[in-house]
Structure formats: structure tokens, C-alpha cells
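Pulled from TrEMBL:
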- 1-254: domain 'G-protein coupled receptors family 1 profile' (DOMAIN)
- 17-40: transmembrane segment (TRANSMEM)
- 60-79: transmembrane segment (TRANSMEM)
- 100-122: transmembrane segment (TRANSMEM)
- 142-167: transmembrane segment (TRANSMEM)
- 198-217: transmembrane segment (TRANSMEM)
- 233-256: transmembrane segment (TRANSMEM)
Amino acid sequence: CTVIFTRLAMRDLHKPISILFCNLAVSDLFTSFSGFWITMQFITNPDITIFGSQDMLAPYALYTTSILSTIYNLVSIGIERYLAVAESMRTRFRVARNHSIVVVCTNWVLAFFLGCLPLMGWNCLHTEKSLSVLYSPFCVNYLVFICIPNLVVAFAVPLFTYLRIIIILRKRKLRMKACGQASGNYKSAEIQVARTSIFIWLLALISYAPFFAGVIFDATNQQCHIDLYPGVYIFRNCTAMLITINCLGNPIIYTLKLKILGAKLKSLKCPSSSRVRACTI
């Protein structure tokens, strides 16, 4: 909420990448809210989170939608950063605010469509065939359909974009060095991009890999709910906690400098004519 408020209030942060950052914060907020909804269902009636119920369809659908939106936003940010670096020396294409708004709307439409498929009928409420053990009343084939392609995209596209950014910066640094020009800025940018991409990969790996492993286990498992209780469900709850941690880590990684965010909040509280404009990376 702090990231959303700050970026909406400061006009100098209304840039294409800032729109994606703000939308990422909205997706993380939805993920946390839906996770809290599922937690309340577990507290009030634990059995429906294990054996499945009509009441769990809406929370799980919102949870799936918010996770998909977060993944699509992370991919969009990687692509935008690549275009910003790759096209910075050219004028034929620039990422504008309208492009970011279109991308945000497309991400949400796609996430809502895929996430709400169980509400449209793709569920196993009235059949035991292909029933998910971990996420009843979802169907196993629906979870596989959602998880495998989206997680492949989530890992493959950022890998390509950030590696290409590092390669482009290194080539320009070598070109400037060959011309006898200073290349300290490119070296600093290369280190910063490399460090940020490593953090992105580690956070995504820690957050989503256990969930993906749980879906694979769910698809290959032949045991019933009682046989897996309680160990597998403790693991399921831990995967949900890791996804929530991802929601906490995204603002820290993608705003990069907490001092910038703090300076913006301070300037909102105490406006001054000599306000320092923070650098947007």
C-alpha cells in the first residue's frame, strides 16, 4: 500500500516502468488479501480446506488470479527493462505510458480469465475423478494446465531479458573503452542489473518452486486425503507462506532503494521548494 500510494502521489514517478511497479504492488496486495481469506476459511472450518467445498472456489480463484497477475507483471517488467536498454540508442521505438497501460490491462484480463475457469465450471465439486488432493475442489488437470506453462514463462523470459541487458551493457562498455572514453557508469549499471537479476531469480525460485513441486506431487499422487494428513498439508501451508514472502520481497527488490521511497514519503509530508528529485532506475 505504501508503494502504491507513493507512486500515485508523486508525478515524477508516473513513468511507464512506474506503472508496472505500481501494478505489481496491486497484484501483491491481491495475493495477500486472498491468502488472508483462505486463512480465515482454515481457522473457521479447517475441513473444507482439506476435503474441498463450494466455499473454497472463490478464494482459490482469486488466489490463482493474483499469482498469475504477479507472474505476468514480473515478465512485463523484464521485457520493459530490456526494451529500455536495447532501444536507448535508437529513436524508432520508445516505451510510452499508453503501452504500459495496455500491458497492465492485458495482464489482468488474462489472469482473471485463467484464474476464474474453476468458477466457470472447470472444477471437481461433483466428481472424484482428477480431483486435486492439495487444492480441492480444483482439478489436477487444471492445476497442471495453469502451472507448467506459466512457470516456464516466468523463469525463461526474465532469464533471457536480464542476460541480454547484461550483454548489451558489457558490449557498450567495451566499445567505449576502445574509444578511450570512461565506462564507469556502464560498469556500475552492469553490476546493479546483475545483482538485481540474481535477487529476482532467487526470490522467484524460493517462492514458486515448492508450489510447483506440490502440483507435480498432486498430479502423480494416488493416495487419499486422510493418508496424507497432516504432513503434506503442512507443506502446502508453507508454500503459501513463501508466496506471501514473495509479495513482501517484490517492493524491496523492484524499488531497489528504500531511501528513495522514504525521501518521497518525507517530501509528501513536508513539501519544500528545494525538494530533491530521486533517480528512477
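Glycine too: its Cβ is placed from the backbone N, Cα and C atoms.
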Of the listed stretches 17-40, 100-122, 142-167, 233-256, the one with the highest count of C-beta pairs below 8 angstroms to the transmembrane segment (60-79) is 17-40
Long-range Cβ contacts under 8 Å made by the transmembrane segment (17-40), restricted to residues 6 or more beyond its ends, are 1, 3-4, 7-8, 49, 56, 59-60, 62-63, 65-67, 69-70, 73-74, 76-77, 80-81, 84, 95, 97, 100-101, 103-104, 107, 240, 243-244, 246-248, 250-251, 254-255, 280
